[in-house]
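Chemist: Sharing a structure below in structure tokens format, with a few things to ask.
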Amino acid sequence: MGVEGCTKCIKYLLFVFNFIFWLAGGIILGVALWLRHDSQTTNILYLQLGEKQAPNTFYVGIYILIAVGAVMMFVGFLGCYGAIQESQCLLGTFFTCLVILFACEVAAGIWGFVNKDQIAKDVKQFYDQAFQQALMAEPDGNNGKAVVKTFHETLDCCGPDTAMGVITPLWKEELCPKDSLLKTLQLHSSCHQKIDELFSGKLYLIGIAAIVVAVIMIFEMILSMVLCCGIRNSSVY
């Protein structure tokens, strides 16, 4: 009787954790879709400078996050159903899916940590190339001016760094938003800084979500194994 009572308690606890896991998967999927269609990132990462496309490494992480959120919702449903039915087969499948998902999340986390600074660096290099072309080219020579103006209007900044931000509007006012001229002269509108802020904020959000999900997954793996052992022991008696 004690074993059966403990098994039921673990079953309901696992059901609650799986429901939270399913809900977390839905939240992560929603956040990933929001990041994918965020106006600032899409305006910048869809730019094209001549034949060169803006760096889209950031979107690789977003697509991974979308896949993880969808799989989490499926695995969470599988875990809930397996816990209610007290099926060792379903719980074993659920545990295997969790291990695979956890390994993928760790791999994605390592990839994100390695590339977190590279993403912003690539975008800043793309901006710098467009900025140089916009300053040197003829008005209709290329689309460098259009690319730079998109950066400036989207991020409300002007110039690749503070020094250039002060000098540039004095002879290239058409490149910068008119309302950002005063901010530029006050040394507050470096586009490099704005690019860092844009991507670091979103990457921190992804990192926090990954840590929360990893903690939930560890608890679920433990509970699913304990429930499997409890069901096996209760069937013996």
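Every residue gets a Cβ built from N, Cα and C, even glycine.
No curator has checked TrEMBL annotations; they are predicted automatically.
According to TrEMBL, the protein carries these features:
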| type | residues | note |
| --- | --- | --- |
| DISULFID | Cys157-Cys191 | disulfide bond |
| DISULFID | Cys158-Cys176 | disulfide bond |
| TRANSMEM | 12-35 | transmembrane segment |
| TRANSMEM | 56-84 | transmembrane segment |
| TRANSMEM | 90-114 | transmembrane segment |
| TRANSMEM | 203-227 | transmembrane segment |
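Could you place the listed features in the three-dimensional structure?
Modeler: Residues 11-12, 14-15, 17-19, 21-33, 35-36, 41, 45, 90-91, 93-94, 97-98, 101, 104-105, 108, 111-112, 115, 118-119, 122-123, 199, 202-203, 206, 209, 213, 220, 224, 227 of the same chain lie 6 or more positions beyond the ends of the transmembrane segment (56-84) yet place their CB under 8 Å from a CB of it.
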Chemist: If you draw a 10 Å sphere around the Cβ of Cys157 (disulfide bond), how many other Cβ atoms fall inside it, taking every protein chain shown into account?
Modeler: 25
Chemist: At the level of the C-alpha atoms, what whole-angstrom distance separates Cys191 (disulfide bond) and Cys176 (disulfide bond)?
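Modeler: Cα to Cα, Cys191 (disulfide bond) and Cys176 (disulfide bond) are separated by 11 Å.
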Chemist: Identify which of the disulfide-bonded residues Cys158, Cys176 has its Cβ surrounded by the largest number of other Cβ atoms within 10 Å, counting every protein chain shown.
Modeler: Cys158
Chemist: Other than its close neighbours in sequence, what residues sit by the transmembrane segment (12-35), given a CB gap under 8 Å and a spacing of at least six beyond its ends?
Modeler: 41, 62, 65-66, 68-77, 79-80, 83-84, 202, 205-206, 209, 212-213, 216-217, 219-220, 223-224, 227
